[in-house]
Ligand SMILES: [Cu+2]
């Protein structure tokens, strides 16, 4: 019996090493960074991890920004006012926006592993406060 428990524990710890983590990003009317924000706005995860964009407040969504994701990555569009869980498999920088509040700077950056497409992502133009926010978020990488 003891050897079975040990064997099971070994298998669990081996699979545990590869287990993907789940992360949460809230969509808020008011957060620490101001009005209409993702929180956190910058998140670094490992390939294969998931992020749930939580519809903590109504009237927001989360979707990828064209050109601001690595080659081969699947774009996604979350429904308005609904949680959306995304598995990020391709390494790189992903720019995320809330469609109605893009101009108000409601954007986030998800960094999966190494930011391999950082320079390309920085060239993508976004309107209003979003551009300034991405400069701040991506400038420090
Ligand atoms: Cu929003």
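Cβ atoms here come from the backbone N, Cα and C positions, even for glycine.
Taken from TrEMBL as is:
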SIGNAL    1-20  signal peptide
DOMAIN    26-112  domain 'Blue (type 1) copper'
BINDING   60, 98, 101, 106  Cu cation binding site
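In the three-state DSSP classification, residue 101 (Cu cation binding site) falls within a helix. In sequence order, 36, 60 are the residues near residue 101 (Cu cation binding site), counting only same-chain partners six or more apart with C-beta under 8 A. Listed in chain order, the residues near the Cu cation site other than 60, 98, 101, 106 are 27, 36, 37, 38, 59, 61, 97, 99, 100, 102, 104, each with its Cβ within 8 Å of the site Cβ centroid. Ranking the binding-site residues 98, 106 by other CB atoms within 10 A of the CB puts 98 at the bottom. Counting Cβ atoms from all protein chains shown, residue 60 (Cu cation binding site) has 25 others lying within 10 Å of its own Cβ. Residue counts of the domain 'Blue (type 1) copper' (26-112) by helix, strand and coil are 3 helix, 40 strand, 44 coil (DSSP-based).
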